[in-house]
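These features come from TrEMBL:
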BINDING   124, 125, 126, 206, 207  S-adenosyl-L-methionine binding site
INTRAMEM  39-59  intramembrane segment
TOPO_DOM  1-38  topological domain 'Lumenal'
TOPO_DOM  60-71  topological domain 'Lumenal'
TOPO_DOM  93-119  topological domain 'Cytoplasmic'
TOPO_DOM  141-183  topological domain 'Lumenal'
TOPO_DOM  205-225  topological domain 'Cytoplasmic'
TRANSMEM  41-58  transmembrane segment
TRANSMEM  120-145  transmembrane segment
TRANSMEM  188-205  transmembrane segment
């Protein structure tokens, strides 16, 4: 609760902030190292944006029509096919990310052992989150099996899902952030921010739909019992 005499409201008070007083010199300095229109940088942004768009469109199409399952005569085989395509697209995204970093200059203030060790730490945390998420969910759980009708008894709540929501996405973001810090790359840092932003949009799009799938399953199970 806030009043007119209170300070800035942390929950809804963006209107109380005078952005004219914000110190933008760090962002300005960072962008001074980045050519936003360099072809490899543009390719990395497009690859980052395309991947979740691709898997969400295909998965929802499959959920609505079951055409992939019919084509492969098995929802599991269809899910493996989509998972393989997603993995290949992620390899392409990582390649574009690395090439974009290497094509643009490093920032001298980031080229030091402390930043490198911080990057290693982010990379380590990211790998743990991604791998533990995969082992907790399995292949079909990781690669949208619920859209193919391959549902678990309940949503997974073991580690790392008991630590944070969507650990696969945040682990992947941490990997890119760590990789950028290890290369002292402003372009990599900006691309890592793009990865995180795209995942945030994907979460807003995916979470309600996944919740609806499991609510529908619970309702059907309740009716049968």
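Residue 1 is the first one shown; counting continues down the chain.
Here the Cβ of each residue, glycine as well, is placed from N, Cα and C on the backbone.
Overlay of TrEMBL feature records on the structure.
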| residue | record | Cβ neighbours (10 Å) |
| --- | --- | --- |
| 124 | S-adenosyl-L-methionine binding site | 13 |
| 125 | S-adenosyl-L-methionine binding site | 16 |
| 126 | S-adenosyl-L-methionine binding site | 21 |
| 206 | S-adenosyl-L-methionine binding site | 20 |
| 207 | S-adenosyl-L-methionine binding site | 12 |
Go ahead and report the DSSP secondary structure tallies for the topological domain 'Lumenal' (141-183): helix first, then strand, then coil. 22 helix, 0 strand, 21 coil
How does the model score the topological domain 'Cytoplasmic' (205-225) in terms of mean pLDDT? 75
Between all pairs in 124, 125, 126, 206, 207 (listed as S-adenosyl-L-methionine binders), what's the biggest Cα distance, rounded to the nearest Å? 26
For the topological domain 'Cytoplasmic' (93-119), jot down how many residues DSSP puts in helix, in strand and in coil. 20 helix, 0 strand, 7 coil
Any residues 6+ beyond the ends of the topological domain 'Lumenal' (60-71) with a Cβ under 8 Å from its own? 78, 81-82, 147-149, 209, 213
